[in-house]
Amino acid sequence: MQRWPVVLFLAWVCLLFFAGIGLFMSGFLLTRIELASSSSCSDPVVPPLWERQSLPPGSCWAPQRFSKAVLIIIDALHFEFAHFDPAKTSPLPYENKLGVLHQLATSQPRHARLYRFRADPPTATMQRIKGLTTGSLPTFIDVGSNFASYAIQEDNLLAQLVQNGRRVVFMGDDTWEGLFPKKFFRSYFFPSFNVKDLHTVDDGILQHLYPTVDSGEWDLLIAHFLGVDHCGHKHGPNHPEMAKKLTQMNEMLRSLVDHLGNDTLLLVAGDHGMTETGDHGGDSEKEVNAALFVYSRTPLFGSGPPEEPETVPQVNLVPTVALLLGVPIPYSNIGEVMAELFAGDSDAVSAALEQLSVYHINAKQVYRFLQSYSLVAQDLPAEQLQHLQELFSSAVEEHTQLLTQVHGTTVPPELKPRLGSLIGRFQHYLREARAVCTQSWARFHPLRMVGGCILIASSCLLCYMASELAASSQSLCCSCLLYPLFWGPVGAALLWLVHVFTQEGLDLLLVSSWAAAASQLGFFWHWWGRHLKRARLTGSQPPLASGGLRQRLRAWLGLAFPMGILFFRCGAMFSDSFVVAEARVAPFLLASLVMLLVGKLHWDGHLTVPEGPKQQLLGVSSYRREIWYLLCLVAMLLVCVRLSSFFHQCREEIPQCRPSVFLSPLASLRNTRAKNFFYLLCVALLAGLVYAVQSWLRHYGNLNSSDPLVLFVRWGFPLVVLCIACYWAVASSVDDSLGRLQELVQVAVVVFPRAVYGLASMGLLLLLCNPMTVFAKDTRELAGSIVTPYLGVPGSEVDFLHVIPQIYKRMQESQKSRLERGSCRATVAAYGLGSVYSAALVIALTLLGFLLMLLHSERLSFAFLLLFVEAFVLLHIQTCARGLARDAELFSVPWYAVISWLLAASQFFYSTGHQPIFPAIHWNAAFVGFHLDHSMNLLPAVLVGANTFASHILFAVGCPLLLLWPFVCEMSNSQRKKAKKESQEELQEVEEHMMEMRLRESPEEFSTALLRLGLKYLFVLGAQLLACVCAAMILRRHLMVWKVFAPKFLFESLGFVVSSICLLLGISLVMRVDCAVSTWFSQLRLR
């Protein structure tokens, strides 16, 4: 059997897809260019009004209004959390808890004000920190680095403060440590990634907050609280814990106000909001609607607050705080200054002149940035730049002319109406500039996008051609693999030489894509030349064109209905409504495919027995008995599909949707009786899964030996279930335990998951070392047994007449055997050899299932049970359908089986509580077995990825079962035929059950079958990926591109990577078992 060539060929095909994904992503998800320039006090942006008078000491660009500022960031502070409505008599847990803000705003209206603080998506914490400090807009791709924060090199508010000798003190979320290294005068960082921890960060801040404020050794104090955000992730906003956390924040603010001085500005802000489930990351109204509260002991506003709170973009905070503290605005800021904070106690005219001056500074700074950025990036539209320049020039010119007519603070009456108009013109310019930047930073690289699409499409074509051609050429992977491996490096070397001669920078992604394209061309060139040569020598047509017209038409019609379903699924990727509703589309397509399969079997006449003269006369036909078994399987599949819809997650685009109650952990249940009931039911499901797997292995003889793997299946599986059950028990009661018991529970929450990790790793290691689950028994003494085993009292004379011939026959067979082979040669009975390949895969899938269930909430074990049952039913449907159709190609898995397998994988992606959106990611999985923060980002990424793509992992690893299962089911099929054969006296022996050993009779066909199966799987995966890529490229200017199509593309790409790697692992495991079987037979011959 060719093992390594098959794995290497599939790995090469996967790399082709990876190169296409990387090339497209580099053109679709480009980050904007960050300018290295920074602002300074000497920049010529000071308006004419302040040029006439020298600025006070310590001020840059504008007079300093405050010497100190306190920025309190309450993570995920939704506006509704800060808004106080006295009319509500029965508020929700998150309502009317921050009463101190309402009290200050109503008692001191010129000192305090509440704003709607609108965040720019994506609403991940790191992107919001960048927006709050640079005044710029993070791009979509930056969301991927939320937990691998890179230091901000762009000019920012903290850098300006440090550059101008100010002291910045920070306490709270340790994300700031990676973003602003060596920028803090003093810092108190606390681990932030554990979303189950509600108190560590907040309690640590409260320990240092008031002493630091009272010490006065700071100019800007930043405190980033995380308890509200973590409470939302863990419990959701509508939970008593949220009321406790908001009450704690209220008391903190009440005490903090008493510690502030007259020269201090207090800012309380939320970096983003949260959904009804406590998540964030997208651009829904609840996620972008945060709160901002401003307070000072000295008057801030010239008039009272408006009836409805004003909406302020988050980027507006940066220029406002910079000018209030007397430092330059960061160079790349595109925010608009909050001019009402510069009114103070002065009269209306003086306040208007002050506001015009800060607007003048702000406009000059934004204009300078746009000019610099357009020279470097050259992606801002020239027409819009020209329009902005005209707006800026006219506003500045009018401002200069107006100031020439102003003497001090005295403004002629005829000029007063022009003040408000001029303020409006500056506002219009700043808002237009921000809109242009927002549109332009969604920029694309069309050539790379097209190149990525072509590379992915050609890889799909290669998969289809190779899967069809491998049937006619069993040495395809060996003969054709050398040419891509040669042409790939040659193409990369040529591109490298071009870069050397042109003295341009070398893009490794472009080089790898070029190498992938060159290797593809090498494969196609070699294949075309080879088959043309064969056609000349034999005088035949190429394989794709060979065969009669009827045969080819029949083959294409057989492909029509599975490929039609795949086409509809790919076509749905171009509709945002279908992508939003894909949780219902995928199960519908799976059910449709199975029903079409039954209909095709009926249309082809495979469900009826051949008609006799009587049936032809009556015009009726009788159905085969196997049809009822098939219909029962189809009914079971439809039931599983229907039940799986109860484990859904909701999207913001479907407001009437309510997420499944099964997604929440048992700890969120307040009813103790319901919690205990669901806990016992979940444990029973785990025990039932172990019992079913052990029964299946025992039925096929794979639990008879005493090898370490078999012993682990017997005793290790129940131990794993026990550890998971203990973990679920302590995790569901962690909030109810007190005192010393709380410490024990915290230890147990870590120990039990790690025990599961260790046991599962041990089981997988045993499986790799010795995957044989075969029991060999030496039957030398029993093989020639002459005495017929006692079967009970004979029931008739026929039984007596049957015994004597049997004894005589066995005497003849025993004597003949000893003469031919010698009496010293042992006869070996091997139990479990016929299902040795499937047994290894079933054991691996069970271990992976345990790990993945551990990473999900307890009640999602119901969904995993449905997953295993539905996969089992799909395997039997495929086997039954092929038996009814009398499919002679046992070594070829039909397309409908592969497509239905992948549709089930997509179905259970949604039925395990996931959606292709960032707010639906289960971040809690990163801390299953880890109480404190991780020291590196790789492990949490693996845990969260395994949780997200659990169905992809299980179905990809189990993909070889599509090939193996019909051979495993051979025994049960032959047993049904045995009764008929025994009734015929001339047939005295039943054919021996070879099962999966038939695969070893044709090792070349076995390896080719695995190759074809892998290529078909990659083709279907690639077709879905290609549809997402084309949809993202064609609809890149669509209104929903960043909300629907871009996240779908990212999740589909990651799902492809995970599925392809797991497919290679599953096929490699089959290869490993085959190697072990070969070794076992070699040792058997030596005995």
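Numbers here mean position along the shown chain, with the first residue as 1.
Note that Cβ sites are derived from N, Cα and C of the backbone, with glycine treated the same way.
Automated prediction, rather than curation, is the source of TrEMBL annotations.
Per TrEMBL, the feature transmembrane segment maps to 481-501 (among others).
Among the features that TrEMBL reports, transmembrane segment is placed at 553-574 (among others).
Here the transmembrane segment (586-603) has Cβ contacts under 8 Å with residues 561-562, 565, 568-569, 630-631, 634, 637-638, 641, 644-645, 877, 881, 884-885, 896, 899-900, 903-904, 906-907, 910 of the same chain, all six or more residues outside its ends. What TrEMBL lists as transmembrane segment is 586-603 (among others).
As annotated by TrEMBL, transmembrane segment applies to 627-648 (among others).
Residues or ranges marked as transmembrane segment in TrEMBL: 677-697 (among others). Packing against the transmembrane segment (677-697) from elsewhere in the chain are residues 666, 669, 703, 713-714, 717-718, 721, 724-725, 728-729, 732, 773, 832, 839, 842-843, 846, 849-850, 853, 858-859, 861-862, 865, 868: each is 6 or more residues past its ends and has a CB under 8 Å from a CB in it.
According to TrEMBL, the feature transmembrane segment maps to 709-732 (among others).
Among the features that TrEMBL reports, transmembrane segment is placed at 744-767 (among others). Away from its own ends, the transmembrane segment (744-767) comes close to residues 708-709, 712-713, 716, 719-720, 723-724, 726-727, 730-731, 733-734, 737, 840, 843-844, 847-848, 850-851, 854, 928-931, 1069 of its chain (Cβ-Cβ under 8 Å, at least six residues beyond either end).
Same-chain residues lying 6+ beyond the ends of the transmembrane segment (860-881) with a Cβ under 8 Å from its Cβ atoms: 594, 597, 601, 626, 629-630, 633-634, 636-637, 640-641, 643-644, 647, 662-663, 682, 685-686, 688-689, 845, 849, 852-853, 893-894, 896-897, 900-901, 904, 908, 911-913, 950-951, 954-955, 958, 961-962, 965-966, 969. Marked as transmembrane segment by TrEMBL: 860-881 (among others).
Taken from TrEMBL, the feature transmembrane segment applies to 893-910 (among others).
Annotation comment: TrEMBL describes 949-968 (among others) as transmembrane segment. Tertiary proximity for the transmembrane segment (949-968) is limited to same-chain residues at least six positions away from its ends with a CB under 8 Å from its CB atoms, namely 700, 834-835, 837-838, 841, 844-845, 848-849, 852, 855-856, 864, 867, 871, 875-876, 878-879, 882-883, 890-891, 893, 897-898, 901-902, 904-909, 911-912, 994-996, 998-999, 1009-1010, 1013-1014, 1017, 1054-1055, 1058-1063, 1065-1067, 1069-1070.
The feature coiled coil is assigned by TrEMBL to 973-1000.
Long-range neighbours of the transmembrane segment (1017-1035) within the same chain, counting only residues 6 or more positions beyond its ends whose Cβ lies under 8 Å from a Cβ of the stretch, are 10, 13-14, 17, 20-21, 24, 28, 449-450, 452-453, 456-457, 459-460, 463-464, 467, 566, 569-571, 573-574, 898-899, 901-902, 956, 959, 1041, 1045-1046, 1048-1049, 1052-1053, 1056, 1059-1060, 1063. Feature annotation from TrEMBL assigns transmembrane segment to 1017-1035 (among others).
Sequence annotations record features per position, and here TrEMBL assigns transmembrane segment to 1055-1081 (among others). Within its own chain, the transmembrane segment (1055-1081) is flanked in space by residues 1, 3, 6-7, 10-11, 14, 17-18, 21, 767-768, 770-772, 774, 776, 833, 836-837, 840-841, 844, 905, 909, 945, 949, 952-953, 955-960, 964, 1000, 1006, 1010, 1013-1014, 1017-1018, 1021-1022, 1024-1025, which lie at least six positions past its ends and keep a Cβ under 8 Å from the stretch.
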